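What TrEMBL records for this protein:
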TRANSMEM  12-31  transmembrane segment
TRANSMEM  86-105  transmembrane segment
TRANSMEM  136-154  transmembrane segment
TRANSMEM  166-193  transmembrane segment
TRANSMEM  205-229  transmembrane segment
TRANSMEM  260-280  transmembrane segment
TRANSMEM  286-304  transmembrane segment
TRANSMEM  311-328  transmembrane segment
TRANSMEM  334-355  transmembrane segment
Amino acid sequence: MRSRMETYNHRSLTASVLLWLAIILYAVLLYRTAWITEDAYITYRTIDNFVNGYGLTWNTDERVQAYTHPLWMFLLSAIYSATHNMYFSSIVFSIVVSLTAVVLFSTRIASSVRTAALGVLVLAFSKAFMDYSTSGLENPLTHLLLVVFFVLYLTRKPDLRGLFGLSLIAALAMVNRMDTILLFAPALAWVFFNFKTWKAGLLSRIGVAALGFLPFILWEAFSLFYYGVPVPNTAYAKLNTGIDALSYAKQGLFYLKNSLFYDPVTLPVIVLGSVMPLLTKNWKRIPIGVGSILYILYVIKVGGDFMSGRFLTAPLLVAVIAFASMPLTMPRRAWIGSGAVILALSLLAPYPSLFSDASYGTDHKGLIDEHGIADERAFYYKSAGLLRMHEGVKLPDAPLVTKGKQWQEKDISLESHIGFFGFYGGPKLHTIDSYALAEPLLSRLPISEYPKWRIGHYMRIIPEGYRDTIQSGKNQIHDPNLAAYYDKLSFIIKGDLFSTKRINEIWKLNTGAYDHLLAAYQPPQILKLTQADTNKMIVLPPTGVEVKLSQVAHAKKAYVHLSNNDDYYAVFLNGEQEVGNFAIPAKSGPKDGLLPHTIDVPDKAAETGYDRIVILPRLLDGNSDFVYALRSLQLMEKQ
């Protein structure tokens, strides 16, 4: 009969084996799900420019921060400078960082091998966490910084050295992604204000914390000097929209709802892990859970994201740290049951990561849901999934990669999806981004009325004369107020870095001295016509035309003549509600001609009915002369 010590050692060995099996499972899934999103290539173009001597630029003729993760960008730049292969540099670095974070969590944070194994299983079976353990975005580095931070937080008593270390890690995380401070702040505050164990005075603590935050302070100073603004241009593009707070909050709740459906593990674990310290009155771990909850509230406030699960990986990891670091005592049966529940929840997902292979995404229905939230990995895996390499595909493999290469010798382009296209278009090509992520002027302008905004995608109408301005280098913007504003902005992003006048203009821009010029700008309005008006040719503004029908229609097809070589959207409205849209690809022909197009009315629009049709130029390059026209919009009532 075994002694109690032998039984204990046997159980301990079994638990250790299970832990390493869980880590191996995570590693296998990490390899099988590894991919790069098209959005990551927006940053990669800056990396390519930086490594090749063009500075920290996106378009090489202007200093604009088109990335949100400077620390991630700098680390990848160092690797890319040695390998000159962006795809595999990012994939391998992401895998190494992600594995390091998981192993460090298991060996330094978890209170036992059982809690470690359960925590790793949660991460492995979370679709969000697996999707964004690679992807080319900054999530893996955020995960690693969170783990390192909480190792220090949980293992060291509050003192000045510990406060400095925690502040330094939090500062690096902010340089990696600014909004992650919400995950660190409650724990950092707990250490700072835990007077019972402090011997240092308030001023000493403030000084040490400020010293720790020096990396973030220095980055902000550099950003203000180099780019002329303290925040990424993407912040202007995504927050300067005019969309009300309630609409954002509703979209944020839709984001959580999407997660519950496509990833039943992540959100329940975030909630459970965040409240467990509070329920058990584990005071040191309560701030950990509070950080996770704060971040979820922030996600709701900003409307979530268009990438399903992307903003939930960090709060999930924090919630797992909160419960796994607690000294949990449960019978063996309860541990096994908990693991089984996590597995069962993961299998409720329509497309579990457990079964991901090289064909992932090809058989998915509804890659983008009705609220504009996408399974981004499913969308891009065919183009940039690592397992596709075994099928002889040169990665990434996408139409915009090919198009970018074809445009390398041109001087200017207009695109809406700028990642692959911009990177492969090379440093000579100036790309105008209609979603304004890389556009310093457009990001400060109102978003277009149609099509209805999709979270993270806020289309701007190109001001008249702006394209000619970029191409010629001379300000030809028609609106005098906007032209005056662009003169100031252009000097900041293109002028001599060390010019005293430029420094003065940076101060004025950031203190609102030129806001009145933006406020006075009158963007072009959409043209409003009746269906009868389209019997003759109509020249369209870049904002397009809204055609009012004589009555609510249910026709499943529409016909219209549109200018050659131009892409369009058709948007169907019922009252103020958008009930569907349809992309109309360009047809080639003489520059001044019109060709007939058939519009397949979306099923929802045909069923609901529509009383107006909006025809919008898609403002894309090709053979377009950027002169738009329409004639003879007709509905086919009988099918």
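Here the Cβ of each residue, glycine as well, is placed from N, Cα and C on the backbone.
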Chain residues in Cβ proximity to the transmembrane segment (334-355) (below 8 Å; excluding those fewer than six residues from its ends, i.e. six or more beyond): 29, 32-33, 114, 117-118, 121-122, 124-127, 130-131, 261-265, 268-269, 364, 375, 378
Same-chain residues near the transmembrane segment (260-280), Cβ under 8 Å, at least 6 residues beyond its ends: 122, 125-129, 286, 288-290, 292-293, 296, 308-309, 312-313, 315-316, 318-323, 326, 342, 345-346, 348-351, 375
CB contact flag for the transmembrane segment (136-154) and the transmembrane segment (311-328), at least three pairs under 8 A: yes
Listed stretch, out of 166-193, 286-304, 311-328, that has the most CB pairs under 8 angstroms to the transmembrane segment (86-105): 311-328
Same-chain residues at least 6 beyond the ends of the transmembrane segment (12-31) whose Cβ lies under 8 Å from its Cβ atoms: 95, 98-99, 102-103, 106, 112-114, 116-117, 120-121, 123-124, 130, 133-134, 353-354, 356, 386
